[in-house]
Structure formats: C-alpha cells, structure tokens
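What Swiss-Prot records for Arg19 is site 'Transition state stabilizer', and it gives sequence analysis as the kind of evidence. Taken from Swiss-Prot, the feature active site, proton acceptor covers Tyr24. The substrate binding site annotation in Swiss-Prot covers Asn75, His81, Asp88, Val102, Ser103, Arg112, and the record cites sequence analysis as its basis. The annotation active site, proton donor is assigned in Swiss-Prot to His101 on the grounds of sequence analysis.
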Amino acid sequence: MEKSILLINGPNLNLLGTREPHIYGSTTLSDVEESSKGHAASLGASLQTFQSNHEGAIVDRIHAARGNTDAIIINPGAYTHTSVAIRDALLGVEIPFIELHVSNVHAREPFRHHSYFSDKASGIIVGLGVYGYKVAVEHVALNFKPLEKKAAL
C-alpha cells in the first residue's frame, strides 16, 4: 500500500523565492511542492501539499489528515515559536511528523530559537535550504511505517 505524506507550509512560505532570498533562496514554494511530489512518487509514496498563513486553517488541515495520512512534514514558519494550537493538533491526530525549517533558526534572532514542536517531532531538519524538503520526503518515505487508518475527526 502506498505511503501517504502531507506537506504543510505555514505563514509567509508562499513568498519563498522572493522573500529574503539571501536567507531562504530563490526557489519558489510551487517549485518545492512539485519537486517534493515527484520525489515522493519515485519512492512509492503520495504527497499532498497545503500552505496557509492562518493558524486555524493549518489546524483544520491537520485534523482532516487523520485516518488518511501516514506522516506529516511541517514547516510551521513563524508559528514554530507561538502555536500551541498547531502543536496540540499534531499530537491529537497521532500522526508522526517531521519539523522542517529552510534557514538555520538557531543562527538567527533569539526568539526563533524556541520551537513548540521539536520535543514531539520524529525528526527536525534545519538550515539545509529547500534541499531539506527532499531530505524530509526521503526519510519519511523510507523509514516511517504506514499507520492503521482511523476515522477522521
């Protein structure tokens, strides 16, 4: 059975490629999503993508993943440092997740050093640029076990 992966990108990641390219690079989110889908398919997995600048929309998408998703890769953006709601949603659906950041958040402003997700993530990828998405997809596709499907919330 094909492994299903959900890739979630949080606030401002829709601006990848144009926002602070000296930090985030020039690759667009659309490019990242298409490349990630192709890489997942080459590894026998399916990948859905979702991006929102709104915390509640991200929570709703995580809830909708319950019962039909084996793993989540999430770049929570600025919500990394503020969102107990997204953390609780991830824990509530019991889907293993990888936390991902394009930049090295630990080499940036002190307020970016704290994450509400890191202590519960199956893995954390930080500072590899958009290549981190490929690493995350490959790790999930090759190492995560399919979950027993449950009823959606």
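Glycine is treated like the rest: Cβ placed from N, Cα and C.
Locations of recorded Swiss-Prot features on the structure.
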| residue | record | DSSP class |
| --- | --- | --- |
| Arg19 | site 'Transition state stabilizer' | coil |
| Tyr24 | active site, proton acceptor | helix |
| Asn75 | substrate binding site | strand |
| His81 | substrate binding site | helix |
| Asp88 | substrate binding site | helix |
| His101 | active site, proton donor | strand |
Which of the listed recorded positions (Arg19, His81, His101) has the least company, meaning the fewest other Cβ atoms within 10 Å of its Cβ?
Arg19
For Arg19 (site 'Transition state stabilizer') and His81 (substrate binding site), what Cα-Cα distance in Å is obtained after rounding to a whole number?
19
Taking the Cβ of Asn75 (substrate binding site) as the reference point, list residues of the same chain whose Cβ is under 8 angstroms away and which are at least six residues distant in sequence.
Ile8, Asn9, Gly10, Leu13, Glu99, Leu100, His101, Val102
Measuring Cα to Cα, how far is His81 (substrate binding site) from the residue listed as 'active site, proton acceptor' in Å?
18
Return the count of C-beta atoms lying within 10 angstroms of the C-beta of Ser103 (substrate binding site), excluding that atom itself.
17
Roughly how many angstrom lie between the C-alpha atoms of the residue listed as 'active site, proton acceptor' and Asp88 (substrate binding site)?
28
What's the number of neighbouring CB atoms sitting within 10 A of the CB on Tyr24 (active site, proton acceptor)?
18
Protein Cβ atoms within 10 Å of Val102 (substrate binding site), excluding its own:
24
